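Reproduced below are the annotations present in Swiss-Prot:
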type	residues	note
ACT_SITE	Asp8	active site
BINDING	Asp8, Asp140	Mg(2+) 1 binding site
ACT_SITE	Glu68	active site
BINDING	Glu68	Mg(2+) 2 binding site
ACT_SITE	Asp140	active site
Amino acid sequence: MIRLMGIDPGLRFMGWGIIDVDGNHLKHVASGVIGTDGSESVPLRLCELHGALKKLIREYAPAEAAVEETYVNRNGSSTLKLGYARGVALLTPAYEGLPVAEYGAMTVKKSVVGTGSASKEQVTMMVKRLLPGAEIRKADASDALAVAICHAHHRASAAHVVAGKRMA
């Protein structure tokens, strides 16, 4: 059995999900959303995300992490802020010594639903089917669990994994 963490980056809401994988069997362990206060400075919000992710990693002890790649939208400022949050999502597990994989949204959707053009509702529905009993309250948590499920399906491919190195 291996424990995996999926992360859906976001500066306002960062989704996270922990699953256990035993062969083809997937089990929901925990999931949720880390929220930050939009009135706070960006550096403070990034520190909050880092601290919360570090606490979750130490509490649930996943062996590997996976992060969804971000997309570029028309608003350059929003894209840049999302990139900052993604940096925290990549750095924190790597700093804690976890291998970190990255997957595009279409790959995640195709792995979970069977089509890269699936809606958020379809992804949530399939996550609930694949993880019976999981109570998912926010789309960001569902997306993070979908990233973890995608990683469970693709983790044998070393091309997606960047080795983490424990620094402290």
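Each residue, glycine too, has its Cβ placed from N, Cα and C.
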Run through the Cβ atoms and count how many others sit within 10 Å of the one on Asp8 (active site).
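I get 29 for this one.
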In the three-state scheme derived from DSSP, which category covers Glu68 (active site)?
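Going by the DSSP assignment, Glu68 (active site) falls within a strand, counted as strand.
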Validating a neighbour-count step here. Other CB atoms within 10 A of the CB of Asp140 (Mg(2+) 1 binding site): how many?
25
How far is it from Asp140 (Mg(2+) 1 binding site) to Asp8 (active site), counting Cα to Cα, in Å?
6
Could you round the CA separation between Asp8 (active site) and Glu68 (active site) to a whole angstrom and send it over?
6
Once near-sequence residues are set aside, which residues in the chain of Glu68 (active site), 6 or more away, have Cβ atoms under 8 Å from its Cβ?
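Once residues fewer than 6 apart are set aside, Glu68 (active site) is near Gly6, Ile7, Asp8, Pro9, Glu102, Tyr103, Gly104, Ala105, Val108, Asp143, Ala144, Val147.
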